[in-house]
Every structure is written in structure tokens, then in C-alpha cells.
Protein chains: 2
Amino acid sequence: MTDLTTLGEIGLIDRIRQATPAPTHPETVLGIGDDAAVFVWDDENYGLLSTDVLVEGIHFDLTYVPLKHLGYKAITFAVSDIAAMNGLPIQVTVGLSLSSRFPVEAIDELYEGIRAACEAYNVDLVGGDTSSSRSGLILSVSVLGKVPKDLITYRSTAQPNDVICVTGDLGAAYLGLQLLEREKQVFLADPNMQPNLSEERAYLVQRQLRPDARTDIVHELRDLGIRPTAMIDVSDGLASELLHLCRQSRTGAVLFDENLPIDDQTHLAADEFKISPVTAALNGGEDYELLFTIRPQEYDKLSTNARITAIGYLTADPSQIVLATKAGQQTPIRAQGWPSESQ
Amino acid sequence: MTDLTTLGEIGLIDRIRQATPAPTHPETVLGIGDDAAVFVWDDENYGLLSTDVLVEGIHFDLTYVPLKHLGYKAITFAVSDIAAMNGLPIQVTVGLSLSSRFPVEAIDELYEGIRAACEAYNVDLVGGDTSSSRSGLILSVSVLGKVPKDLITYRSTAQPNDVICVTGDLGAAYLGLQLLEREKQVFLADPNMQPNLSEERAYLVQRQLRPDARTDIVHELRDLGIRPTAMIDVSDGLASELLHLCRQSRTGAVLFDENLPIDDQTHLAADEFKISPVTAALNGGEDYELLFTIRPQEYDKLSTNARITAIGYLTADPSQIVLATKAGQQTPIRAQGWPSESQ
């Protein structure tokens, strides 16, 4: 028998993918291999389908995650996969397993967050499945999305010289998690201690507890007349996502460390935790920003856009995916593991 | 705080349903309230979306459920919801949470069953999400289906005098479960004992471990030129499903107990366990047969069909949903609880 940990999450998914037969329905355009599966919706549009599972004790800790935020975050996870295909969400279903230790009011709170997210992302909550569990809470969200055929954006279609862009800022959700974990330890040591989550930390905690999927960017790119050459959402950290994009597009990449968008609060907290802010940005994960590439001649259209930052460019050599410093030094970018991986 | 058990599963779903805003997308035809959500696919077809969650220790016991069968059954659950709308499945996604106690070979076995089911039901496995769990195995399957607009079948559109039909036979999966549970207790008491699951029991065990969704009936009804007036799948037991259908169609019903299709093996095992075979058929659940209604004038088209049995008829009084014996006695039909409920 082979221990699951020797394979790793990515290895497990590769194993599943390789053993999965090619799709047979004429409706299926793409199966496993991107942020969402793709099917032919009608003459003008593709449909998108994606599923995410959130498990208590793995993806969230109810010691410090309010159920309302958890509900919101679960929808964010799913919607982010649709945004990463340059699409917009239409319907979601929520599968819920929970033990009887949860009172009815807890479920109300969870669904309050789910509904708030559905409203924010303009998506219909259309069904699901509710069942008992022996322990803990498990949320499974599936989402149906739509994208015009001429705008769909895969991970695999970038070209050398394309400009690498990222939305928002990176690393804040990871430092938010460090803050919450530290306060939890303080609380466990002395339950009378008040949490020390000052105003200056509010942004980091919010980024961890209630991240937003960037459907606004999908609208913005359409307004700007830009179709990215490739796109992926930053759920597992920029490094990991860039490696996926480069592997699937068969390109290399150069990222400029000084260009990485990192919030002031992230810098301050990183100093405090003695973590390099660049490492937090590259490997922290859970930012739910969009990483995308555009043709160099399109760059002018968004060079002054405050919500999008150019952080590097793609190269022709797939073996060279590097972080470049101002001083000219280049170090290879590697991915860190993460306990969850979408197929 | 209100204990979740006071509300019950149906109560919880009603609570979620009532708090869910009406759908806003023009694509959404139906949200929560049937076996699957419905959207406009193209000019001729509706799309169907449904999610099911299976939790170890609640829906299955790995002591006696082979992982290959579990994989098959998980796809059956989801596909059955599409068949219940008179549709056929196109794509499935599988969300998997599992602890590291599972070796790689166990996952291979699970996916072997998933792939076998995808082939049997002609559905493309297009993605999913794999993650760790603290304990146990949780499977979440979402399915995308398709149905011609003029064939879609809801729960809510039956009429008084319609003939109530059911496919296959009922109660076998429940008695299969009783057999497996008994063998488990024998095994736990003395691990050297060999299981006593003789050939005569094979059908019952197979119905429990590897049920089939009735996509064959969807094809057959199309061939016969019959569009049911209402349909639902029998996952929680005939009684519970009939009550849903009658409540949503605002009808009553009379079932004839002697018409209920019950296999000989089910009769024998029911005797042995001192369970009424009619009770097993009404409340056993997990049969994954289809319960549907047709206009009386269509009955001739399928009266000689061995796979479909007429078991009663609908009436105008929603307060009268009864089981009638040959002797003329009528008893009200009530639903039993079940640990899972689709929305």
C-alpha cells in the first residue's frame, strides 16, 4: 500500500486526471485541467462548472472564523474559479454536512453569509444538499458560470513576451491568518485575554476571513476591451499559480520582486512575524486575486489602473521561472504545498 | 439557541428555502424545490444542476462498502436527480475530502467505481476538488444535465386521476443494508466468522451497495412517447417521495399495497428480519427508482412493461394520501426521517 502523503495533492490529482477518460459528449469543451470545466451553452456562450469543498479543521477554524464569513468565503472560492475563466457566475448549489452540535442559529448565520455573497456576486442560490456528519462542518459549493465564446480565457494559451498582471495585493490573507492563529494561542493560554486585533490589522484579518472574488475585474477587462491571453485565480499562492500557468502554456517567466503589490499592513505584519513580505506574497495563498497575462501592446490600456499591477513577463524557456531583484539577481520560483487543490 | 434536531432535516431545508431570495438571472427557470435546479440551456433545451453529499458514518460504512461501489453509488445519487427531471446527465464533478489514513490504492479503487458509473450513464467526469479531512471520507458530486424543454418533468405538475407508476422494485436496498449490518455485528463479535451472504441474498446486497440510476427509463419513456405529468426519484423511500409529489402538486393519492413491486428476495429477508415488506417498500429508501405519474389515457402504452408498475392513482383531496388493502382498508401514508435531504 502506498501512503497518500508520498504522492501529495498535486500528484493525486495528476493520477486522477491521467486515469480519467476523454470526454465523449459534444457539449464538453474541456474537462479536468483548468479552474472550471467548459461546455457549449449556446451559439454565443460557453458554460462553466466548478466545485470546491471546504472542510473544518483543514480550510477553516471555527475558533475565529464567524459562520457568516465562512458562508461568504465558500461562495467566493467557487465564484473565483469562474472569474478565472473570464466568466461570470449564474447559479450556485451548496452541499452542507454538519453535526448536531450546531444550533439552528448557526445555520442561519452561515446562510446569511452565503446570501450576502450571492447578492454581491449576482448569482442565484438554486439548491443543494443538507446532511448530518459525525463531526465538523463540510461545505461543498458548485457553481455554474457563463462566458462569451470569444472571451473565454484558459491557463494554457499565454505566449512568450506577454505581460504578467495581478489584481489587488498579495500576502495579506496569509498574514491575517498568522494574526488570527496567534490570537487563538493567546486565548487558549488565557481565555480572559482580549484579542489584540487593532484597527491597523483590520485589512489583513478581513482579507483572511472575507476575501472577495474579482468579478469586478472581469467586467473591467471587458470594458477595457482586453481579453487576457491566460488567467488563473490566486488561491494557493502566486508562485504555485504562476507555475501552473507557465506549465500549461509551455512558457518561462520573470517576476520583478519590487513590482509585487504588497499592502503596507502586510509589510508591517511580515516584519513582526519575521516573514519576508515577498515570500508571503508568493506562497501565502488565499488572496483570491486574478493572475493573468496580456499581449504587450495591450499594456497601455491598463498601465494606470490602480487595481491591476504588471509584475513581470513570460519567456520562451519553460525551465526558467524566476524572481528577479532590482540588483539583477534571479532565483527560481518554487511552489509550496497546500492542503487543497482544484482539478 | 435552538437544537438542530428539533427542526429536523426537512424543517432545516424549509428554513433555508424560505430565506433564499428569488432567482434574478433570466437563465434561472427553477431554484430550490425539485430534484435539480433548472436553467435555460438553448432554444430547445433546459439545463439541470444538482449536488449530493455523501458522508462516511452517515451515508456509508466502509466496514462493508467497497470503495469501488461507493464511487459508483455517488455518481448514481447525482445522476438519479437528473433522471427524476426526465433529463440525461452530461457532466459530473467530484469533490473529495479524505484523511491520510487512505492509501493511494484506495483512491484508485474509488475512482474506478466513479469511472465505471460515468461510462454506464454516459456522463463526462470533468473536474472536482480534492482536499484533506480530519477524519473520514466525504464525497460531493455535482451533475449537469440536459432535457428538451417539452419533456422536462417537475414534481408539482401532476393532476387528480393520474396513474402513479414506479420503476423496478422497492425495499431491496433497505433489506440489503439490514443484512450487511447484521454481518458486521457478527464480524465485530468474532472476526474469524465468515460472512453469511449467500447467493439468494446477492440481489439485496447489490441493490444496497451498487444501485443504478434509471436513465434507461428516461430513454424508454421517450421511446414510448410518454411525458410523465410529475416525477421524483425514490431516494428516501416511496412514502416520503409520494408525499413530496402530492404536496407540490396539491393532490391526494391512493396506493394499492398489493401492487407494490417487491422482489422475492425482499419478501424472504423481510420475513427473517420480522419487517413488513410493505413497510420496507414504503420507508426503506435508497432504491433510486423513479416514481412518476401519467395521464390515465397513457396507461395502455406501458401496462405490459415489466420495468414499470402502476401502484395507484392521484386524487383531488390533498389531505388523503393513503395505502389501500385488498380488503378495502385505508391507512394514511406517513414519511419516516432520513439523514439526508436534497433541496
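A Cβ is built for glycine as well, from the same backbone N, Cα and C atoms used for every other residue.
For the domain 'PurM-like N-terminal' (A:33-147), the model's pLDDT averages out at 91. Annotation source TrEMBL lists domain 'PurM-like N-terminal' at A:33-147.
For the recorded site, A:Asp233 (Mg(2+) 3 binding site), the DSSP three-state label reads strand. Taken from TrEMBL, the feature Mg(2+) 3 binding site covers A:Asp35, A:Asp81, A:Asp233.
Its own atom aside, the Cβ of A:Asp81 (Mg(2+) 3 binding site) has 30 Cβ atoms within 10 angstroms in the protein chains shown. The Mg(2+) 4 binding site annotation in TrEMBL covers A:Asp35, A:Ser50, A:Asp81.
Counted within 10 Å of its Cβ, the other Cβ atoms near A:Asp52 (Mg(2+) 1 binding site) come to 27, all protein chains included. The Mg(2+) 1 binding site annotation in TrEMBL covers A:Thr51, A:Asp52, A:Asp129.
Residues annotated as Mg(2+) 2 binding site in TrEMBL: A:Asp52, A:Asp81. In the three-state DSSP assignment, the secondary structure recorded for A:Asp81 (Mg(2+) 3 binding site) is helix.
If you look up TrEMBL, you'll see A:His59, A:Glu286, A:Trp338 marked as substrate binding site. In the shown protein chains, 23 other C-beta atoms lie within 10 A of the C-beta of A:Glu286 (substrate binding site).
For A:Tyr111 (ATP binding site), other Cβ atoms within 10 Å of its Cβ number 21. DSSP assigns A:Tyr111 (ATP binding site) to a helical segment in the three-state reduction. Per TrEMBL, ATP binding site is recorded for A:Tyr111, A:Gly128, A:Asp129, A:Arg155, A:Ser235.
Per TrEMBL, the feature Mg(2+) 5 binding site maps to A:Asp236.
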Here the binding-site residues A:Asp35, A:Arg155, A:Asp233, A:Asp236, A:Glu286 meeting chain B with a Cβ under 8 Å reduce to none
CA-CA, which of the binding-site residues A:His59, A:Gly128, A:Asp236, A:Glu286 lies nearest A:Asp35 (Mg(2+) 3 binding site)? A:Asp236
Could you put numbers on the helix, strand and coil content of the domain 'PurM-like N-terminal' (A:33-147), residue by residue per DSSP? 35 helix, 48 strand, 32 coil
A:Arg155 (ATP binding site) has its Cβ surrounded, within 10 angstroms, by a count of other Cβ atoms equal to 23
The one of A:Ser50, A:Thr51, A:Ser235 whose CB sees the fewest other CB atoms within 10 Å, among these binding-site residues: A:Ser235
Counting across all protein chains present, how many other Cβ atoms fall within 10 Å of the Cβ of A:Gly128 (ATP binding site)? 28
From A:Asp52, A:Asp81, A:Arg155, A:Glu286: binding-site residues whose CA lies within 10 A of A:Asp236 (Mg(2+) 5 binding site): A:Glu286
Secondary-structure category, per DSSP, in which A:Glu286 (substrate binding site) falls: coil
